[in-house]
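This report concerns only the one structure given below.
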């Protein structure tokens, strides 16, 4: 769905909209459900955007009660609260992390945002090494060593240009990161200009310059691809961190070493010989 989903306690702050819920106006929002636990009333709100729900708009193997499950035909019955409404729902929640609607909404947002960072991070870890191995000169192509160049005698030339002197100061870099990223995240979480209510996970507008959300059916499919690749990227980044600690090499060099000598360069061989600090 390309609509805003939020679970809010009456008179409380909505975690997604970031604004006080003082009244419900049918012309602006649709009331999807009223429920609660332990005597607490809970409203589920969605901004009316004119887009149909995923289940109603497409016959997709990734959504609905007949969607693909985590173990295929051997998966068994999914929990009642996993209905296949959202992308990436394979009916698996042994820890019950999605049982509470508010916790589920928060975890959905965290997963998607971290997935996007992981996809960008994985690309940033791999691409410089690939370029360096193909003749492109870098001061330091290995991802976990590159940042330390700012403390070297010559400093760090951003984009290879010594004219960009702000890159020579770690404080200036930190300030730029806080201001720029803070502004973007604030825009996303607060709901855009003038407090307009938007979905913080899929805000659209200027965040969708290619118009990927214009077609609801195609957008539903893109969201599944995003979360699947994002989960893979998060596992990849975890692997890159472990490689950096154990081998002291980047992912491309580790891959090349493994392909050259798979018997001696593999996870089992390193795990059995690894001594912290050496």
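A Cβ is built for glycine as well, from the same backbone N, Cα and C atoms used for every other residue.
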Co-listed chlorophyll a 1-binding residue [Swiss-Prot; alongside 92, 98, 111] among 188, 231: 231
Feature transmembrane segment in Swiss-Prot, mapped to one of the ranges 143-163, 164-184: 164-184
The annotated transmembrane segment range in Swiss-Prot, which must be one of 190-210, 232-252: 232-252
Candidate ranges 70-90, 112-132 [criterion: Swiss-Prot lists as transmembrane segment]: 112-132
Structural state of residue 92 (chlorophyll a 1 binding site), classified by DSSP into three states: coil
Cα-proximity to residue 229 (chlorophyll a 4 binding site), 10 Å cut-off, over binding-site residues 92, 111, 116, 188, 258, 274: 116
Residue among binding-site residues 114, 116, 225, 231, 258 with least C-beta crowding, 10 angstrom cut-off: 225
Max pairwise CA distance, angstrom, over record-listed chlorophyll a 1 binders 92, 98, 111, 231: 17
By Cα-Cα distance, the member of binding-site residues 70, 116, 243, 274 nearest residue 185 (chlorophyll b 3 binding site): 116
Entries of 116, 188, 267 which, being binding-site residues, have CA atoms within 10 angstroms of residue 92 (chlorophyll a 1 binding site): none
